[in-house]
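A.B. asks: Mind having a look at this structure? Questions to follow.
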Amino acid sequence: MIVREWLFFTMAPCDAAEPWQLGFQDAATPMMQGIIDLHHDIFFFLILILVFVSWILVRALWHFHYKKNPIPQRIVHGTTIEIIRTIFPSIILMFIAIPSFALLYSMDEVVVDPAITIKAIGHQWYRTYEYSDYNSSDEQSLTFDSYTIPEDDPELGQSRLLEVDNRVVVPAKTHIRIIVTSADVLHSWAVPSSGVKCDAVPGRLNQTSILVQREGVYYGQCSEICGTNHAFMPIVVEAVSRKDYGSRVSNQLIPQTGEA
């Protein structure tokens, strides 16, 4: 029973850090899936190199022991072995470099015509989010602050120091552009499940794109040391269906319009 539960929790989607976690969080975007695939591909080459070097080392220690070869043969030059040890690493590096560059350029690619644009502004020590597509006027806008829930006040099921009072709600399977900036010091907008880490620099706008492929709640944190409460700036992105997203946006816009 214990083994079955362990297997179940291991196979379940992991969208936040877990105790004793060694691997990546489950990918929620094609970008993160590409990062995980590249990691696995490079790890394959590392295992091959480790096995080969270990075999060479053990073989040398065994066959060239001082008792077996009191007077070892001295080899100072070997054209064949030098060619092999130069060409093989070059081929391995080529197999690593091609997918690496492809992933790197795709990470820098920004969607030209995104469906939604969200502006994330870092403060000491909270965040302000603006849904720019709905800010038609000062009276009608979708802007809110997001604070971390205190360590001694979480609800049942909430993660300690990872939950916020206002989540960033986005529709699943939709191209979204995130504009990141800061109002005071350096911050960072990082969500591991999305494969996104974008620095927030005062006076500068950085942008990145995400395409969340499945509904869920994804957690992140500030990745730039920004002061005393640096550890208390979590990020929570909730991906919902397009229908649910539309109703949530309408419910937040209508009250503000009525108050105006």
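Here the Cβ of each residue, glycine as well, is placed from N, Cα and C on the backbone.
TrEMBL feature annotations, pasted as is:
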DOMAIN    16-111  domain 'Cytochrome oxidase subunit II transmembrane region profile'
DOMAIN    113-251  domain 'Cytochrome oxidase subunit II copper A binding'
TRANSMEM  42-62  transmembrane segment
TRANSMEM  83-105  transmembrane segment
A.B. asks: When DSSP states are grouped into helix, strand and coil, how many residues of the domain 'Cytochrome oxidase subunit II copper A binding' (113-251) land in each?
C.D. replies: 19 helix, 62 strand, 58 coil
A.B. asks: Could you tell me the mean pLDDT the prediction assigns to the domain 'Cytochrome oxidase subunit II copper A binding' (113-251)?
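C.D. replies: Reported value for the domain 'Cytochrome oxidase subunit II copper A binding' (113-251) is a mean pLDDT of 87.
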